[in-house]
Structure formats: C-alpha cells, structure tokens
Amino acid sequence: MAAAAEEGMSAAALVMSVPDSIGRSPESEGVGAGDEEKDAATKGTVAVGDSEEDGEDVFEVERILDMKCEGGKNLYKVRWKGYTSEDDTWEPEVHLEDCKEVLLEFRKKLAENKAKAVRKDIQRLSLNNDIFEADSDSDQQSDTKEDISPRKKKKKIKCKEETSPEDLRKKRTKMGKLKDKFKTELESTSEIIGFDVKTKKRIWEVKEELKDSKKPKKDEIKETKELKKANKRAEVRDLKIKIREDVKENRKTKKERYIESPLESESPNDSLILEDDSEDFISDNREENQNVRSVRDKTAQETVQEGIFEKHLDDLISIEEDAGTRVRRKKTKPRKFEEPKEIKKLESTNAFLERRAIPKKQRNQDKGISNLELNKLPSPVFAQTLKSSRLSGEEKSLKSPDLAEEEKEKKNEPKGKYQKRYDLDKEEKARKEPKVLKSFKEIRNAFDLFKKTTEEKNDVLENNSKREEISLDSKIMNDNKTKDKCSLKEKRNTRDETDTWAYIAAEGDQEVSDSVCQTDETSDGRQPVLSLGMDLQLEWMKLEDFQKHLDGEDEPFITTNRIPNNLLRDAVKNGDYIAVKVALNSNEEYNLDQEDSTGMTLVMLAAAGGQDDLLRLLITKGAKVNGRQKNGTTALIHAAEKNFLTTVAILLEAGAFVNVQQSNGETALMKACKRGNSDIVRLVIECGADCNILSKHQNSALYFAKQCNNVLVYELLKSHLETLSRVAEETIRDYFESRLALLEPVFPIACHRLCEGPDFSTDFNYMPPQNMPEGSGVLLFIFHANFLGKDVIARLCGPCSVQAVVLNDKFQLPVFLDSHFVYSFSPVAGPNKLFIRLTEAPFAKVKLLIGAYRVQLQ
C-alpha cells in the first residue's frame, strides 16, 4: 500500500516541508521540532501533516510564481496550496528539493515565455484519491520527508504494520453496528473489506496512470480530468449501493446474532475514512462489554435510529459527490481515542479545531443525559449544518462527517471515561489555543444549540457571555444570548465608569494639590517629580476639584527651588501654568504688578495670550486687572483685540474697566467692533460700555461696526443706543408728568460706571438754534440705571451719587435742592467741556446715563 501510494504521487499536488526557522512561511500552529519529535517517539503514532504534533509544518506547493537572484542564490516565489497571494513567500532552491517536479515545470515555462505569467499547471487530486487518502497520504508524506525526519517515518511504518488483517476485521465488524447498534456478520464485514481492497486497487491503477503521464499536454490533461470524474462517480455509486446492501443484510441477521455478539458500534463513517489504532481497539472492547445491558434496553429505539442513519448516509454521500478535488488526512493523538482532522488550509484547520472544542466541553456535560436524547438529534442536524457550511468554504463539507463520526463514538462511550477525556482535552487546549474566524464561531454556536438540552444551553450561554465581556466586537449569536449580553455590557460600562472615578479619587491623595497637574512618584519613595502636562483635563479631576480650581482654592504646590521674577514672567508669557503655580505658592514674594518697559503687566500678558487659568490664578493672588500701559492699553483691551471671549468675561467679572481709552481714544468696545465679534460686543455693552465715546479721530464704536461690514454688530449697537434714548425720554416724561416737552438732545447719551471712578468728563460741540422760543432752555439729566441684559431701568429719584457739575469751569445748579439728578445747563456755542464729580463707590453696580436736552415748559 505504501509503495502504491508513493507511486501515485501526483504532479498536481506536491508536499513541501518547511522548517520553522526559515523565512516567513504561512502561519502555522506548530511547536519546537525537538519537543514534538520526542513526543512522537514516546506516545505512539503521529500522522504526517499534523501541525500541532509534528516538529515541522507541512504545506503543499501549488505553483512557483517568480524567481529572483539575491546574494548569489536563486529565490523562488512560492504560492502555497490553500492560501492567498498575501501568503506567498520567497524560498531558496534548497527548500524545494522535495518539489523538483514543480521546480522543473516552472523552469520549463520560464524558458518558453518569460514575459507571460506562470499559468496554473498543478491540478488538485480528484475524489478517487480522497476516499482512502488517510492511508495513502501517510505513506506518501513519509517518503517525501525521509531525509528530514527518519524517526517519523519509522513510526508511520510501525503504524502500518500494526494495521494487520485481524485488526481490520475487528474494525469492520464494528462498522456493521453503524446503523443498528449490533455487530454484523463476519461474511458481511469480509465483503466490505474485499470491496475496500478492490476500490483501493482501482485507485492505485488510476494513480499509476497519472504517474506515467506526469507532464501531459493540454489535451491529455482534459481527458484525464474527464476520466477522473467518471471514475469518481462510478465508485461513489458502487459504494453507496454496496453499503445499503450490507445494511439490509445486517438488519436480517440482527436478531440471530443478538445473543452471540452484543457489541457497541462506532461512527457511521468508519467504512469511508476512519482507521483506529491498537489502543483504540482495546478501549472500545472494554466499552462494548460494559454496555451490553444498555444495548438490550434500547431495542425499541433501533428502528428509529436506522431511519436517521439512512437519511444521514444519503446526505453524506451527496456531499461527497459535490466535494470536488479535496485532500483528506488522518490525525492520531497520543490518547485512547482518535480525533480526525484534515490539514489542507490553515484557516479551515483552525475552524475545525474550534468546532471540535465545543464537543469536548459537552462530553463533561452529557453525564446525566440519556443516549436516546443524544442520538435523536445529531444526524439531521449534521446534514443541515454540513450544507450550510459548504457555502463559506469547500473544506467544511468534509470536516463535518468527521465531526459526526467522532461525536457518535463519544456518545456511546461509558460515562466513566468522560471525565478523563475532558481533563486531557482541557490540558491540550491550554497548550494550543486555536484562532477562529467569527463566521466559524457563528456556525459552531448554531450547530451546538441544536444538540444541547435546556440545561446545557444555559451553561454554554454563561461561557459565551464571559467571552463577550472580553471581546467587545462579538456578534449576537441568538435571541437567548441577547439579553445576557446587554445586561453584561451595562454592568461592564457601569463598572468601568465607577473604576475610573474610583481611580481618580484614589489618585487624588497622591497628587500634589492641583488636580490639573499629576505627580509621578517612584516606588522607592524618591522626591515627587512634577508632570508638566496639559492643564484643565477634566478626566483628571472631579467636579469639586474643578470648582476649587476655578475659584483658585486648590491646594498649593510645595517646592524648595526659588523661581526668579524674570522666569516667572517668562512662564506667564509661555502659558506655563505649573511653573507659575509653583512660584506663587512658594514663600517667595513676587510683585504681580511688575511692568516691563512698555508697562505690560503679568495680567496683560496672560490676557493677551488667552491664558485663562493663569489669569484666574493671578487675579486670585491679588494682581490688578486695570493696569495701563504707557499707551493706555489695558488687559481688557488686549483680550478684546485678540478676540478671546472667555478672557474678556473673566476680566469683566474681576472688575475690569470697560470705558478706558487708549492714547488713540479707542476702547475695548471699539476693538471688539473691529474684530466683528458680536458676543464680546454684547458682553461689553451689557456691562455698561459707553457706545458714544469718540476716538482721537472722532469715530465711535458704531463707525467701526459699520466699517467692518458686520451687520449683526452694527444692529446690536444701534438697537442698544435706541433703547437708551427711549428709556431716558420715557423716564423724563414720567418724572415731570408732561409738564416738560423734550425738543432735541444737546449731545448723545453717555454711560459711566460708578465703579470706574468718581469723576466723569466729556467734550461736546453745541450749536444753539437761531430763534430761541420763550420758556425753553437746556437741562442736564443724570439718570441712575441698571442693565438687565437688553433691558434698561432708569430713575431720577432716590439715592444720588452726584456731588457737583462743572461746565466750562463753572458750577451748575441743581433744579431741585433736595435732588441732584437734574441740573440747569448753559452750554456755549462751540466746544464745551463737562465735568461731573461723583461719590466714590468702587463696588457699585449702578450705571449713570448722562444726557442734556433742550426742553420747553408747558
């Protein structure tokens, strides 16, 4: 058999052995060569091509794509069978010694036409070679790897010697119980064995013919393909008929042999693809003796199981016909049971391992379940699952019968062996964890849920839920898992959030006062090192800490190094909050109002840079916000000019003056109008900014708003001025009860914040009318007003802060002796200078609206 298999090696599928240490081969799950060879020598037969047990991974070369010369050596680009172009590797010629035919074919093609791409000449083996490939592949690969691993070859030869005719007879007698749970007649098994030998001889003849024509022409290749297909169909048809005849004969002789041979059957696919080793036979015989009693109790169930088997067999054979050219391999493990595995493609191999892992867990759960419950479900489920599996890959359709075969063996085994096998499986799974694609996981879960009882489903759901906690990208497998997954995700999110804040709270004890800064403390207790990172990261602090930070009440830093004034100034200029914090919390005294050559203070530097944290810190430490440069610029003007809205808000809250003018007469409101920032404009005018102040060039804020073509800012200012005029006139009419008629204003209404100082002054031009009507004159009104957003409330009664009014160096007299809101006013034609002395009230919120009107008594 070994010689025939060797001669039948096809030029269409060559096996190449690649050591783990060379280059980049397609991914494998192999382990060290030395350890695996030692394991193979001591534990029994090891099938060639098993990527888990062999020291080397065995891959099939599909074709050679390209060749290049590098470092004086020829490298060949190899396409591996079952892999995509992404897994192509460059291999030296020495690695292709076992694939000389492929190499010669490539060289021949290269000589014929170098410009053309290498055509795919290597064809896969037909199903003729697949039926008993578990036998032939072992011999074929043993000869291929003769020089590399002699010990493995000896093991394989020993395995073949052990498979004696007596063993085959035992195995075939078990196959008879495939459908009816009883041992078949010796004649039936002999016929099956004889049929198998004839079938193998026919396959060997086909292989010999294929070997004689290893390099056929295109026409010969087509004829060979047609011949293979015809032989394949004929063999499958004959095999199906033969098995059905054996089933009928077994059914007739079942009752006669019942008392003499009550033995347990094995998997339904033994006659097709599975061969057991000697250890398997011993354990199975024990198993059969122990189950004699249970077999007698199950006679009533056999007719149902026979029908299930026939249906299952039809499905399997129909899948065999559609399978195409696929390679089936046998895998033996150093344990008392056999688990078949096909090595053809790495992804499909991993998927099969994962699908095998679930039945291993299930074995331990099946202890309390009757054989009737287990045997009624698998067969139809297998057929349905196998068909759906073929849609995602060709390999799956052949793996599923193996899986069915393996599970039927395990279900019929005594309960005493479940725990031992579960322990062995658990140990091996701990050593080798397969990588599985998500699509295979979905198929596996759907596959298993059909076979499990309600109690088992609950156990599997718990295990799957644990996996879903680890993998956030897992998909919902079925409706039963959805609720568990949602609840677990909610718990996990709540736990993560709680842990995050708990970690922050715990870390707060290690931080050096300010939650914005983190300190890195070494494990050996060395001096804490300041982490000069980004400030104001809210993930680092709780809400209470952030509020303390805003209020400047966070704990001080402790430092022993003195920071000089020039470095403090540079830190403010560069926005280094930590350095400023350390300096201001030290014992060193700093002049926070220090000025440079232009009069720029630290507050101005922070405002001009938009450093809100530094600005709050400096204000908290007592820095003045209304300092002026030599050109009259203030911190508020800097912030408005640089368009920093939050900085403007901080300064206004700290009491910054809004009507301060630069040397060119411009105010913060004018700067905001130039920038076109309506938010800053609204914020400033609601705080009492004077919209009618004129610059050095006699331009008002309204002029700058119009100049920047910002309609929103212009309308905002115009609306505010109209509101002030309307409120002033209404207040006058209400106060004088229509005894006084307003003719025209003498100058636009001015606004002065009492907190900005006790003195108010303004210049205006007055042009008296040519004809002054009798009973008319000019009065000065000083309203006390409050701004409530866009609303303005004014009064001419109550407490008054006006002490004196001076016009052109002449005191003006109040109209009412007990009230200083209304003064007689005598301007001259031309320029006039008005000065008003007020009560000093630096914290007053009241605004003064100052306006003069020409009035007529009625």
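Glycine is treated like the rest: Cβ placed from N, Cα and C.
From Ser85, Ser190, Ser465, the position flagged in Swiss-Prot as phosphoserine is Ser85.
For the residues Thr144, Thr163, Thr184, Thr332, Swiss-Prot attaches the annotation phosphothreonine to Thr144, which does not rule out the feature elsewhere.
Looking up Ser21, Ser271, Ser515, Ser695 in Swiss-Prot, the residue bearing an annotation of phosphoserine is Ser271.
Looking up Ser138, Ser142, Ser213, Ser523 in Swiss-Prot for phosphoserine, the annotated residue turns out to be Ser138. Residue-level annotations in Swiss-Prot identify, among Ser261, Ser267, Ser267 as phosphoserine. Within the same chain, residues 664-665, 667, 669-670, 672-678, 681-682, 685, 689, 691, 745, 748-749, 751, 790, 792, 849 sit at least 6 positions outside the repeat 'ANK 4' (697-726) and bring their C-beta atoms closer than 8 Å to a C-beta of that stretch.
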